[in-house]
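Notes to accompany the following structure.
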Amino acid sequence: MSDAKKLYRRLVHLKSETNPQRRSIRDGFCGLFGHKVNVLDHYGKKLETLEDNVRMEQLSVAGKEVPAAFVSFKSRLGAAVALHIQQGTNPTEWVTERAPEPQDIHWPFFSSSFIKRWISKLLVVVAYAAVTILFLIPVVIVQGLTNLEQLETYFPFLESILSLTVVSEVITGYLPSLILQMFIAFVPPIMIMLSSVEGCISFSQIEKSACIKMLCFTIWNIFFANALSGTVLYRFDIFLDPKEIPGILADAVPAQASFFIAYVVTSGWTSLLSSVLFRLSPLICSIIKKPFSGKDGDELKVPSIPYHSHIPKVLFFGLLGITYFFLAPLIIPFLLVYCCLGYIIYRNQLLIVYAPKYDTGGRFWPTVHNSTIFSLVLMHIIAIGIFGLKNLSLASSLIVPLPILTLLFNEYCRKRFLPIFEDYPLECLIKKDRQDQNDPTIAVFYNKLSTAYEDPALMPIRHPRSTDDHNSPLLQAGV
């Protein structure tokens, strides 16, 4: 259905095109090979074929029952009660969950069974673990670049080049973080792809799941794998003796301060200016794809902020600031510049450029809170290890209560404030229901609600068939 809509919009645009050269393309690969054909006839035949296939598919599934449905209520209070109360004696039947907004629905898994969604989640976990392990390969490459002695050992012919001060500074300072940033640029689309087959029924759930995956991936592969590549990757026995972990972190983490400062510059400053402000990646992709695909400006859409890639990056820089502020204070000015630039640029993009696709009701905030708590506990553990290495037993003992107090505070917040992000307060629901009783437009809303949750794949095709005269306008003004 979406392909048919794209073809129809393209035909509408080509009808108004005055340049005759744009009305002929090659029907081969990327429009570079094959015979020249009239673009209106070519796209018209493709649209006709798609329409016939869609109608045949709609007829084949028409009238079939599915084990899922959307249920509407006349009051928000009634919907909340039905959501949280077991509907039958059999716990596997009449399972309820909150319905997403109509534009937020991910239809492929709407009517999937519990077993299918559970198996999908299990397979995604396995695939996620495989991607995380495979990413250790570029991490090892990056760590090799930061150690010139290893490079000279493995590649003796580079000894004369590496002896140059400029070359050695570029290789050990800027190049490793740049290479790592190039590799990690491929990860967010992979996380979105994994989350989309995880069994989620809404795009907001997919993006939230991808955000959590990306955050864990970044913390493990960028922070721990880089800082502990010479220790943890070859000494798995430390997990059997947790007492060694603070000392190992205290010994390994400060040594990577210069690398993470360069990473803030390459992944933070550069990314804000290129990816967020100027949006160079979509621009370059559009310039490259347009001559080959034949797509025109009528298909441009207002972008939405990619939470799954931006939120983990901001939280990771917060982790670097919390863990390194007493180990390498020089990183603080770089992070401060990033935060100032981020505030200005993101504010501009959110107000002027981005358009929200859906409203999650603040459900991303618990992820931010949990990441902050984790960063604080990690900082406390590293501090305990630092004072332990310096034989400052009193200072190390005084810090021991801090992670305990932090975890207690986290538990307090989880008990007191987490329900706000999971369910709407009853007081607000009753207040909104009373307002609706005096709203004269509520009847119109109920009428629209009956058709708001129709599956787009089953909706009738509303544009004219492509068998009409290609020389006549697709849109005509009424007389």
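Just so you know, glycine gets a Cβ as well, placed from its N, Cα and C.
Note that TrEMBL annotation is computational and uncurated.
Feature list (source: TrEMBL):
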DOMAIN    3-108  domain 'CSC1/OSCA1-like cytosolic'
DOMAIN    121-387  domain 'CSC1/OSCA1-like 7TM region'
TRANSMEM  122-141  transmembrane segment
TRANSMEM  161-194  transmembrane segment
TRANSMEM  215-236  transmembrane segment
TRANSMEM  256-280  transmembrane segment
TRANSMEM  314-346  transmembrane segment
TRANSMEM  366-389  transmembrane segment
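For the transmembrane segment (314-346), the residues of the chain that approach it from at least six positions outside its boundaries are 215, 218-219, 222-223, 253-254, 257-258, 260-261, 264-265, 268-269, 272-273, 276-277, 367-368, 371-372, 374-376, 378-379, 382-383, 386, judged by C-beta separation under 8 angstroms. Counting same-chain residues at least six beyond the ends of the transmembrane segment (366-389), those with a Cβ under 8 angstroms from any Cβ of the stretch are 208, 211-212, 215, 219, 245-251, 253-254, 311, 315, 318-319, 322-323, 326-327, 395-396, 399-400, 402-403, 406-407, 409-410, 413, 418, 421. Averaged across the domain 'CSC1/OSCA1-like 7TM region' (121-387), the predicted model reaches a pLDDT of 81.
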